[in-house]
């Protein structure tokens, strides 16, 4: 669908806008992805990671890596998991802290799978504040549960990177082969309707308070995750651009900024698709 409004930007203004966007990339971003299984987080994370030179931190991947590498946090987690227990919040936060201090996370990070509860969100904020940092954006990948069944049952995953594809909506260039590495894709054994319903019930119960926590902080943006992958990608760019500090004496940027903020919650083609 064509956007109902457009902003004409001259060459100088367009140049300034691109420079501001680059500044945003240089400053770094700390982003939390929240969404149910099948909402498209796994598709969008590599795109945002590449565009903004961020690291993608998935709690499951971090746990496995820490255990395999034998880090102190990994040893603690393994001992607890071997006894059938849940990894405490403090251990998870320490593991995240270890990861964000690596060179790969210098420009910021995408955190996927954490926090799942308000106490976890509070502990994460406290840990970041100790280093004078904070979460910049929380993206809520909102989608109706009924649409997730079709997505989940057709989902394909590249095990080592976590890249996600879909047989119908986002197929790989070659069937069952990862576009980047040429390695085989898999379909997870728990990607079925029965397991999905249980996961969704747990997700909604735990996540609703977390969304409220970030809403109160003014950093929550809700995305219509039922849209196509390119549309969602451009929406994410629009959200990031909407927080740029435009020159106060440039009326064209004030207009653009207002339109961009309006469009974050719109169903129209994001302006970021036309400009960047």
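From the backbone N, Cα and C atoms, a Cβ is placed for every residue, glycine too.
Keep in mind it's a predicted model, so treat the numbers as computed, not measured.
Checking the ranges 58-87, 88-117 against Swiss-Prot, the region 'NMP' annotation falls on 58-87. Looking up the ranges 154-191, 192-229 in Swiss-Prot, the one annotated as region 'LID' turns out to be 154-191. Among the binding-site residues 38, 40, 42, 155, 165, the residue whose Cα lies closest in space to that of residue 59 (AMP binding site) is 42. When the Cα of residue 165 (ATP binding site) is compared against those of the binding-site residues 85, 87, 114, 188, the shortest separation belongs to 188.
It is 28 Å from the Cα atom of residue 155 (ATP binding site) to that of residue 87 (AMP binding site). Counting only same-chain residues six or more apart in sequence, the Cβ atoms lying under 8 angstroms from the Cβ of residue 188 (AMP binding site) belong to 155, 157. For residue 42 (ATP binding site), the nearest neighbour among the binding-site residues 85, 87, 114, 116, judged by Cα separation, is 114. Residue 114 (AMP binding site) and residue 38 (ATP binding site) have their C-alpha atoms 16 Å apart, to the nearest angstrom.
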